[in-house]
Structures are given as C-alpha cells and as structure tokens.
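See structure below.
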C-alpha cells in the first residue's frame with residue numbers, strides 16, 4: 001500500500017516528489033502506472049481508478065519530460081494567450097519543488113516572474129494589449145503581494161512604444177527571450193534529472209527488474225568467457241605435458257641404450273649419461289595423480305629408471321604410448337561449488353538440464369519426476385513433483401524453451417508436462433508391442449520429437465534382453481504420430497537417438513552395435529555402420545558435428561568421423577569404471593559439455609570419469625557419491641554438470 005499511495009501522491013498535483021533521470025524513465029513511469037491500475041482493479045477501487053485515468057489524460061506535468069514542458073509553455077500557452085493555464089502550470093511546479101532549499105525556491109520565483117513577463121511582452125508584440133489588461137485585472141493584486149516591482153508593469157499596456165522605454169527595452173530583445181529558454185531548460189533538467197531527486201518505491205520495480213535481467217545476462221557472458229579461458233588453459237597444459245613427454249622419451253631412450261652397453265649395467269649400479277644427469281630433464285613419463293611437476297634425475301632411484309625404461313620397451317616410440325591412461329589415478333575435479341538435491345526416495349534413473357540451464361528435471365525408478373532449481377536466487381515457481389505410476393526410462397526438455405518436459409515410461413507412456421501451468425498437457429501411449437520408451441529427443445528446429453521404444457520381457461532391466469524396436473516421429477502441436485522410421489524386419493532395439501544441430505539428421509544406436517543415420521526430411525535411413533561388437537548404450541553428435549560418439553557395453557568409447565565413415569578419430573577404454581554386466585540399471589549414458597571437449601560418463605562406482613576429448617592425455621574424476629552414478633548431463637552453456645546416483649541423490653557441480 002505504501003508504494004501505491006506514494007505513487008498516487010507523486011502523480012497528482014500536490015506535494016509531488018521529483019523523478020531521477022534515466023533513459024528508461026518513461027518506461028518506468030508507464031510500468032508503474034500500469035501496476036497502479038492493476039492494483040486498483042484488484043481492490044475494486046473503481047472511483048479512484050476513474051479519477052486516476054482522468055488525471056493521466058490531463059497530465060499537466062507532461063510526464064516530467066523537459067521538451068514537452070517547454071513546448072507547452074512556449075508553443076501553446078503563450079502564443080494562444082492561455083494565461084490561466086500558464087499560471088496553473090507555474091503554480092504546479094512551484095509546489096513540486098517547494099521541498100527544496102531556499103536558494104532553489106528563490107530561483108523558481110525569479111523564473112515564474114520572467115515567464116509571466118515573457119507572456120506580457122509577447123502579447124504587446126502581437127497587438128493584444130487586452131490580454132495584458134485581463135491578466136492584471138485577475139492576478140494583479142496577487143502579483144503585487146509577491147513583488148512590488150510589478151507596479152511599474154501595470155502601465156505597459158497604456159504606453160505607445162514600451163520597447164523604447166529603458167525599463168522595458170531589454171525584455172523586447174531576442175537575447176533575453178533566448179536566455180529565458182535556456183535558463184528554464186537547464187533548471188528543469190537539473191530538477192527533474194538531478195541527483196537530489198528521489199524515486200517513488202513503486203517506480204523502482206521496473207528499474208530493479210531490468211537491472212537484475214542485465215546482471216543475469218552479464219553473469220552468463222562471464223561464465224561463457226570463463227569456460228573459454230579454462231579450455232585455453234587446458235590446451236596449454238596439454239601442450240606443455242606433450243613437450244615434457246617428448247623430452248622424457250628422448251632421455252629414457254638414452255638411459256636404456258647406455259644401460260645395455262655399459263659393462264657395469266648388470267652389477268646393480270645405475271649408469272646415467274651426461275645428458276640424462278642434468279637437472280633440466282625429467283624422467284617420469286606417466287606422473288601420478290595430482291602431480292604437476294615431474295621428478296628430476298637426482299630424485300630417482302635405480303628402480304625408477306628401470307620402470308621407465310621398461311615402459312619404453314613395452315610401448316615403443318608410438319604416440320599412443322604417451323596417451324596411456326590410468327583412470328584409477330585421475331585427479332579429482334576442481335570444484336567451484338556443489339549442490340546436492342535429496343528430494344527423491346529411490347535410485348535416480350535420469351536427470352536433465354533445461355534448455356537454458358535454469359531448471360533441472362530428475363527421475364527415479366519409483367516413477368516420480370522432480371523439477372527444481374539449484375540457484376537459490378532463481379524463482380521456484382516451476383518446482384513440482386510428477387507421479388507417473390511407472391519406471392521413468394527417458395527425459396527430454398523442449399529445445400527452444402523451458403516450457404515443456406517429455407517423460408517416457410516403462411509402460412509405454414509419454415507425458416508432456418507444462419512447467420508453467422504445472423500440469424500434463426498430453427498423455428500419449430505407444431503400442432502394447434513396444435512398452436519401453438528407451439529414449440526421447442526433440443528436434444532443435446521443428447516442433448517434433450522422436451521416441452525410441454522396444455518390446456521387453458516382464459521385469460527385465462537388462463539391455464541385452466530387450467526385444468524389437470520402434471522409432472516414431474511425433475508432432476508437438478497436434479500430439480499425434482507423424483511417421484514411423486523404417487528399421488527393417490524384426491529390428492534390434494534402438495537404445496539412444498540424437499539430432500544434429502539443424503534437425504535434418506538423426507543418429508540412432510542399436511543393441512546389435514550398429515549406428516543408423518536417418519534423413520528426417522525424407523524419413524529414410526541414408527547410411528549406417530557397425531560401431532561395436534555388442535550393444536551401444538548411448539550416441540551423441542560431436543560439437544562440430546563432424547563426428548559421432550558411441551558408448552558400448554563392451555567398455556569402449558569411440559568417436560567416429562562423419563567425413564570418413566567408419567574411421568575412429570578418438571577412443572577410450574571405459575571398462576574400468578563401468579562393467580555393464582554387473583550394472584544395477586539397464587542403460588549407461590554419456591554427455592558432452594558445451595565446448596565438446598569434456599565427455600562425462602556414468603559409472604558403476606561412486607565416481608564418474610570426465611574424459612578430455614582428443615589429444616588430452618589425462619581426465620578427471622567427479623567427487624564421490626555414496627553409490628554408483630546412474631545418469632549424467634552438462635549445462636548448455638557453463639562448465640556445470642549433473643550426476644544422479646543410486647543413492648537417491650542428484651548433484652550439481654560447477655568446475656573451478
């Protein structure tokens with residue numbers, strides 16, 4: 001109520017506070033006026049609303065816009081001899097500025113006198129002495145009470161040539177009228193835009209809302225720049241590591257050669273060449289977890305030299321020898337902040353960031369989906385719990401906004417949840433033949449999505465025991481099936497699908513180890529190739545879309561070239577972290593960060609690996625959950641990732 005009453009007194013003609021300047025001054029004013037209207041309607045104050053609208057229509061202060069006020073005085077009131085309106089306006093501004101110090105009050109009085117004298121001079125020059133006499137008849141006594149100098153002005157309508165009189169000559173000059181224009185403009189600008197002014201609380205809402213919006217935009221831009229700098233730092237660290245590794249290889253070869261040719265080599269006395277003995281060359285080809293600096297020759301025991309030499313002999317001088325990874329020794333990821341969500345009561349099956357990254361959807365095997373936010377400053381109006389009545393097997397946010405969430409279940413259901421309305425807007429059903437909705441993907445361009453469903457034995461959760469497949473394209477406006485993509489007779493289940501950036505291509509991974517590529521405009525399969533010897537659990541397009549990543553239950557991660565089909569451009573052995581044959585959930589998955597340089601993979605252990613894609617020898621490990629990590633996802637723009645676990649928790653982790 002304080003803000004509304006303050007604004008009403010501000011917008012009236014008595015005791016009005018002043019505005020503070022900004023480019024969005026009028027926008028703030030209009031927004032505040034709209035809020036007042038809305039409040040008066042809500043309270044049922046119809047008479048007050050009518051009076052408010054009426055006063056807005058006759059806004060004597062012209063929204064406190066200096067140019068409009070000057071136009072009102074010098075282009076309407078004075079030329080049209082509207083003396084009453086002019087005096088009313090001057091009185092209005094005198095009331096507005098009456099709360100200020102005496103010096104300003106004196107300036108206001110002087111300007112009032114000058115404006116009235118300008119009116120009189122203009123009337124004399126226009127031959128309308130009657131308007132001057134009319135002014136003095138109505139307001140003469142009032143003017144004399146304020147200033148006795150007006151007494152001599154009462155004679156001006158009766159003087160033949162007042163412009164020749166010394167007392168009045170200066171007022172007829174162009175210089176005086178121009179000076180009045182300038183003085184009045186400067187004064188109004190200072191008063192209406194000056195730092196001494198204050199804004200009513202109601203008008204701060206729009207400004208603060210815009211400021212918060214700008215700050216959020218700045219934060220996103222800074223986070224993006226930070227991510228770019230982190231990637232650049234990693235590249236430089238990798239280059240430094242490779243340079244050290246090359247120097248190390250050369251040193252170890254020399255050490256091995258000298259050891260075999262030296263007659264003392266078999267006596268247990270370590271022999272090192274003069275080059276290798278210098279303090280500038282390092283020996284440890286594979287530093288332990290957390291090591292940033294290599295060991296130097298002075299710090300190496302004879303056993304260290306023998307181990308390093310044996311590594312060279314076993315791997316040779318091939319480049320892959322430098323890329324040997326020991327996942328169990330990955331350093332722990334450096335964390336900026338981490339939030340843990342504990343709203344679920346069963347193991348987590350899926351978790352996904354929304355299109356903007358502001359909201360998170362997470363599902364558990366008990367058939368519930370929770371929508372929440374990890375940012376304490378973000379609104380919680382979308383937070384909700386959705387009860388689906390069956391195990392959740394897939395989640396997908398609409399790509400263009402955060403408005404819709406698609407949910408696929410184990411009983412053939414596909415629900416579309418509107419997060420703003422907090423209700424299911426569509427409840428689709430696959431055929432009874434294909435009850436398991438293994439994956440859902442929305443097109444990044446068109447209002448369509450694809451569902452990958454499969455037949456499944458009762459109670460079966462093993463990816464190898466799934467039956468036949470169905471790949472259906474749905475329209476998100478009519479919520480009807482558009483077409484079924486051809487897979488041939490009795491096709492193996494499609495476990496994972498992925499659109500490219502323009503939605504023209506769809507990649508689908510199957511349990512027989514094949515990758516299928518579809519042209520979505522034609523609805524036909526255009527190519528395919530065998531990627532794994534066993535089932536593929538997840539498929540992703542690379543960030544530059546010249547490659548495809550596949551995750552197989554054979555414990556392999558491959559990056560396949562799309563320009564040279566069938567060629568592997570990068571690979572990793574994932575089996576040390578994930579043994580699908582002992583997995584407690586049916587499908588592992590992977591996720592690429594916004595830059596396509598980090599690949600996060602689920603794990604049977606409490607930690608999940610984060611691989612550095614292409615040319616990066618070492619990865620990282622996530623902070624531990626208390627049980628296996630069942631689902632992962634990356635924020636769409638920032639170095640923040642999600643991990644869901646069978647310990648019922650979901651974590652949001654920001655990398656430092």
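Cβ coordinates are placed from backbone N, Cα and C, and glycine is handled just like the others.
TrEMBL annotations: computationally assigned, not manually curated.
Annotation comment: TrEMBL describes 78-192 as domain 'ARMC9 CTLH-like'. Marked as compositional bias 'Basic and acidic residues' by TrEMBL: 295-304. Residues or ranges marked as region 'Disordered' in TrEMBL: 295-330. What TrEMBL records for 305-321 is compositional bias 'Polar residues'. According to TrEMBL, the repeat 'WD' annotation covers 341-382, 529-564, 622-656. According to TrEMBL, the domain 'Anaphase-promoting complex subunit 4-like WD40' annotation covers 488-542.
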Contact set, same chain, for the repeat 'WD' (529-564): CB under 8 Å, 6 or more residues outside the stretch: 463-464, 495-501, 507-515, 570-576, 578-581, 587-592, 594-597, 599, 601, 611, 613-614
Outside the repeat 'WD' (622-656), six or more residues from its ends: residues with CB under 8 Å to it: 220, 223-224, 226-227, 230, 332-342, 344-353, 355-357, 360, 362, 364, 374, 583-585, 589-594, 598, 600-610
Chain residues in Cβ proximity to the repeat 'WD' (341-382) (below 8 Å; excluding those fewer than six residues from its ends, i.e. six or more beyond): 388-402, 405, 407, 409, 417, 419-420, 422, 584-585, 627, 630-638, 640, 642-652
Overall pLDDT for the repeat 'WD' (341-382), taken as the rounded mean: 92
Three-state composition of the repeat 'WD' (529-564), taking helix and strand from DSSP: 0 helix, 20 strand, 16 coil
